Structure formats: C-alpha cells, structure tokens
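As written in Swiss-Prot, here are the features:
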DOMAIN    B:5-411  domain 'PTS EIIC type-3'
TRANSMEM  B:28-48  transmembrane segment
TRANSMEM  B:67-87  transmembrane segment
TRANSMEM  B:97-117  transmembrane segment
TRANSMEM  B:138-157  transmembrane segment
TRANSMEM  B:177-197  transmembrane segment
TRANSMEM  B:205-225  transmembrane segment
TRANSMEM  B:228-248  transmembrane segment
TRANSMEM  B:286-306  transmembrane segment
TRANSMEM  B:329-349  transmembrane segment
TRANSMEM  B:365-385  transmembrane segment
TRANSMEM  B:391-411  transmembrane segment
Amino acid sequence: MKKILLACSSGMSTSLLVTKMKEYAQSIGEEAEIWAVGQDKAKEDMRKADAVLIGPQMSFLKSELQKEADQYNIQVEVIDMMAYGMADGKKAYEQALSLMVNQ
Amino acid sequence: MFEKISQFLVPIAGRLNNNRYLQVLRDAFMLAFPLTIFGSIFVVLTNLPFLNKIMNASMLTSFQSHFGIASTATMGIMSVFVVFGIGYYLSKSYQVEAVFGGAIALVSFLLLTPFIIQPETGDAITGVIPVDRLGAKGMFLGMITAFLSGEIYRRIVQKNLTIKMPAGVPPAVAKSFAALIPAFITLTVFLLINVMVTLFFKTNMHDVIYHAIQAPLVGLGSGIIPTLIAVFFIQILWFFGLHGQIIINSVMDPIWNTLQVENLSAYTAGKEIPHIISKPFMEIYTVGMGGTGMTLAIVFTILIFMKSRQMKQVSKLGLAPGIFNVNEPIIFGLPIVMNPIIIVPWVLAPMVVTLVTYLAMSAGLVPPPTGVTVPWTVPLFINGIMATNSIMGGVMQLINLLIVFVIWFPFLKAMDKLNLAKEKEQAVQETAAQQNDNSIKM
C-alpha cells in the first residue's frame with residue numbers, strides 16, 4: 001500500500017489531481033491511498049504518508065515541510081508544474097513513487 | 001530573468017507565509033469564518049428583495065429582528081472570536097496550554113473594554129458591554145491585546161512560574177492550577193493599563209487604539225490606490241507561481257475584515273453602506289469570477305475562438321473547477337506562470353476590473369457588497385448577487401468578464417498562433433518519424 005499526501009493552500013485544487021492519480025494507480029493495479037489537505041494540516045498528516053507532494057503555488061513551503069518530514073524519513077517535493085496544471089495523474093503518481101525509491 | 005526574480009521571491013513568500021504572527025492571525029480569522037457564514041446566510045434570508053411583497057410591514061420587521069440576532073451574535077461581535085483565536089493559536093504555536101491562552105486573551109480584551117454606554121442625550125448606562133466595541137470598532141485593539149497577552153502568558157509558562165500539583169491530582173485540576181500564576185500576572189498587566197488610562201487620561205484603550213491606529217490604517221486600506229497595489233502584487237506573485245492571496249491577504253485581511261464588519265453593521269441597521277472596498281469586494285470581484293485573474297473569461301475565449309489543441313485541452317479541464325473559482329489548471333497548465341506573452345493582460349485585467357467596479361459602485365450604478373460572507377467557491381453571478389443583495393452585483397461581474405475578454409483577446413490570439421505552429425511542427429515530425437519507421441521496415 002502506497003500512501004501519498006498532497007498539500008496546497010486549502011486542499012481544494014490538489015483534490016482534482018488526487019482523483020486522477022487514484023484512477024491511474026487503479027488502472028495499473030496498484031493499491032494506493034492518496035489524499036489532499038490544506039497547508040495547516042500537512043504537518044499533522046505527514047506521519048501517515050510515504051511521500052508528500054505540494055502544489056507548485058506553495059513551493060515556498062517545501063523547506064519547512066521537509067524539515068518536519070525528515071523525522072519520518074520521507075521526502076517532500078513540489079509537483080511538476082505542467083503535470084499539476086494538466087491534472088496529469090500518471091506523471092504526478094510516478095513523481096510520488098520516485099520519492100519513495102530513495103528510502 | 002524570470003528565474004532570478006522567482007528565486008528572490010520564493011524565500012520572501014515563505015517567510016511571510018511561515019511568520020508565526022501572520023499564521024496565527026490567518027488561523028484566528030478562519031475560526032471566525034464558519035460563524036460569519038452562519039450569520040451571513042440569515043442576513044441574506046431576511047433581506048431578500050421580494051419579502052416586502054409576501055409579508056406586511058410589521059411581520060417583516062418582526063421577522064428581521066428575530067432572525068437578525070444570527071448576525072449580531074456572530075459578525076457583530078467578531079472581535080471576540082478573533083481575540084480568542086489569536087490567544088489560542090499563538091499559545092498552541094508555543095506549545096503551551098492553548099485553551100487558557102484563548103481565555104486569557106479574551107479577558108484581557110474585556111479588561112480594556114468600558115462596560116458603559118454613553119447615549120448622545122441623557123445619562124450613561126453602566127453594566128453593559130457596547131456591542132460595537134466587540135465588533136468592528138474593537139478589532140485592532142483586540143488583535144493587539146491578544147498578541148500581547150498571549151506573549152506574556154506563554155513567557156511566564158515557559159519560565160516555569162507555575163504551581164505544580166503532586167502526581168495523582170486529576171490532570172484537569174492540575175492544568176487549571178498550572179495556568180493560575182501566568183493568568184494572574186497577564187491579567188493584572190491589562191487591568192493596570194486600563195486603570196491608568198481611565199484614571200489619568202480619562203479615556204479608554206478602545207478609543208486610543210481606534211483613533212491612533214485602526215481608523216488611519218483602515219481608511220488607507222479602503223482607498224482604491226492601495227487596493228490596486230495589493231491586486232498588482234497578488235497577480236505578480238501568481239505569475240511566479242506563488243499563491244498571491246495567501247501572502248498578500250495575511251497582511252491585508254485585518255483591514256479588509258474590519259471594513260466588512262463595519263459595512264454589515266451599517267447594512268443591518270438600515271444605514272448607508274460606508275465602504276466600497278472590503279473583504280467581500282476582494283473575494284467577489286477579483287477571485288470570485290473563475291479564480292484569481294478572472295480566468296473563466298479566458299477559458300470561454302479559448303473554447304470559442306482559439307484553435308490550438310493544447311490550449312483547448314487545458315480549457316476543457318479548467319472549465320468545471322473554474323465555475324467554482326478554482327483555476328490552478330489554467331494557471332499552471334496554459335500556462336500563465338512565467339509565460340512572458342501573458343504577463344501584461346494577467347496583471348492589467350484584474351487592475352482594470354477592480355478600478356471599473358470601484359467606479360461603478362462609487363457612482364451608485366452598482367451597490368457595494370453588504371458585508372455578508374459568501375464562500376469563495378460559490379459560482380460567479382450568484383456570488384455577486386448574494387454579496388450585494390442586488391441583481392446588479394451579478395451584472396457587474398458579467399461586464400467585468402467582457403473587460404477581461406477584450407484585454408486578453410489579442411494576447412491569446414498571439415499565443416494560439418505560436419502553439420498552432422508548434423503543434424504543426426510536431427505533427428510533421430511525427431509523420432516523418434513514421435515514414436522513417438516504415439522505410440526501415442521495408
């Protein structure tokens with residue numbers, strides 16, 4: 001089971017991408033739990049995740065969230081801008097997986 | 001060049017976003033948000049334009065006064081929630097007992113509040129709290145008091161000046177004793193401030209802060225020039241892919257929210273609405289038209305007039321979220337971010353729209369927002385009508401969309417041309433590659 005957390009300002013715009021990522025994960029037969037939260041809940045939800053992706057409009061959060069994520073030994077990355085804009089579930093899902101490889 | 005500016009902006013944005021006080025302020029206003037929505041719904045319901053046709057005058061008055069408490073008890077005393085929220089979230093950020101931090105902030109604020117009303121004629125009424133001091137008028141004093149009391153409280157707790165209970169005492173009891181000394185010292189500070197101000201200066205902190213800080217700041221914030229500057233910075237930040245509102249609003253919200261509460265109090269009292277610029281103005285006439293930059297107009301323009309496959313695809317994707325004012329697909333997919341062709345209309349259109357809306361409202365063609373809170377995800381036209389309690393509020397938005405369309409059209413056309421050329425080139429390359437493939441196979 002792969003657990004991916006997405007965070008943006010209010011969790012609303014990333015929730016669109018969540019749906020697409022879930023669809024993609026299902027289509028390749030992988031079990032994944034993917035959810036979106038606002039920035040205020042990101043730190044709290046992090047402990048349940050294997051990787052954290054943040055919306056590009058919140059890129060300035062990365063260093064602060066990564067500090068927190070280090071405790072759980074997970075990676076935080078900004079979602080590729082084009083993948084985010086086009087709600088490209090495949091690309092974003094693969095980006096999340098690439099963050100788990102290094103663990 | 002854009003890359004360099006971006007590298008410069010990201011850390012600034014981060015620092016503003018992560019600033020403890022601004023973060024606490026944001027959370028405190030979020031605490032008031034569901035309450036203001038509740039109050040707003042009843043203001044809208046009791047002021048529906050056709051009510052005077054289905055009810056007689058006395059019924060309407062009674063209906064309005066009975067349900068009017070919904071907004072008086074929420075937005076009418078908004079400072080209470082903001083003060084408690086600041087005390088709570090500030091203490092939480094320092095990891096000291098948060099609920100006491102909130103309660104202490106609230107009492108500190110009340111200690112500075114005169115429990116007296118002086119009517120214009122006749123004797124003063126004592127033993128009452130004037131509602132307006134807990135609403136818009138006390139907002140800045142409330143915020144300042146809450147931050148100060150929160151800081152004093154947590155410093156004393158962190159210095160360990162607390163009464164420790166032996167193990168075995170129930171935790172709730174132990175906690176209330178632990179808060180005793182910090183609460184006592186913090187509240188004494190504010191009590192003494194109040195005694196000094198009332199005794200020696202014959203005034204109160206409410207009036208001092210209101211005249212020295214709140215009125216000038218709020219007056220400044222309600223002007224069109226500062227508003228246009230704020231819009232300009234929001235657009236520029238988004239151009240670099242950063243969430244403009246989160247950063248700019250954390251500075252402007254105290255002013256915009258105060259203006260909103262002032263408007264609502266005037267509106268529910270049946271007086272003329274004093275300010276055009278307020279929080280709802282910013283939400284409904286800049287964000288509430290398809291998202292930041294009024295991108296719904298852009299989505300329609302592309303779907304109807306443009307030919308590029310990539311642009312059409314993004315617009316289709318952006319249409320449904322755009323109706324609910326979420327526009328990240330357009331911002332990052334079109335893209336708007338770091339797209340030099342687009343920076344001019346992106347920054348210009350919202351500023352023109354803000355100015356035109358402001359002028360239309362000051363000329364009396366469109367009523368200003370009444371001060372009710374409309375959630376920012378309510379679609380365009382509906383949110384305009386709800387916010388102003390007038391069909392003209394919605395019509396204004398449609399006119400604004402037209403303005404956005406006119407400003408953007410030539411730029412979108414140029415972008416379309418470039419994209420079409422690129423797509424054609426790709427198609428040629430693909431067929432060439434296929435032919436190559438085929439010839440190898442042969």
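Each residue, glycine too, has its Cβ placed from N, Cα and C.
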Close approaches to the transmembrane segment (B:67-87) from elsewhere in its chain (Cβ under 8 angstroms; 6 or more beyond its ends): 24-25, 27-32, 35-36, 38-43, 45-46, 101-106, 109, 131, 133-136, 138-139, 141-143, 145-147, 149-150, 153, 257, 260-261, 264-265, 268, 371, 373
Paired segments the transmembrane segment (B:138-157) and the transmembrane segment (B:228-248) in contact, 3+ CB pairs under 8 A: no
The transmembrane segment (B:286-306) and the transmembrane segment (B:365-385) contact flag, 3+ Cβ pairs under 8 angstroms: yes
Beyond the flanks of the transmembrane segment (B:391-411) by at least 6 residues, Cβ under 8 Å: 284-285, 288-289, 294, 296-298, 300-301, 305, 341-342, 344-345, 348-349, 352-353, 356-357, 360, 365-367, 369, 380-382, 384-385
Folded-back contacts onto the transmembrane segment (B:329-349), same chain, C-beta under 8 angstroms, at least six residues removed: 2-3, 6, 232, 235-236, 238-241, 291-295, 298-299, 311, 314-315, 317-318, 321-322, 403-404, 407-408, 411, 414-415, 418
Dominant neighbour of the transmembrane segment (B:365-385) in B:28-48, B:97-117, B:228-248, by Cβ pairs under 8 Å: B:28-48
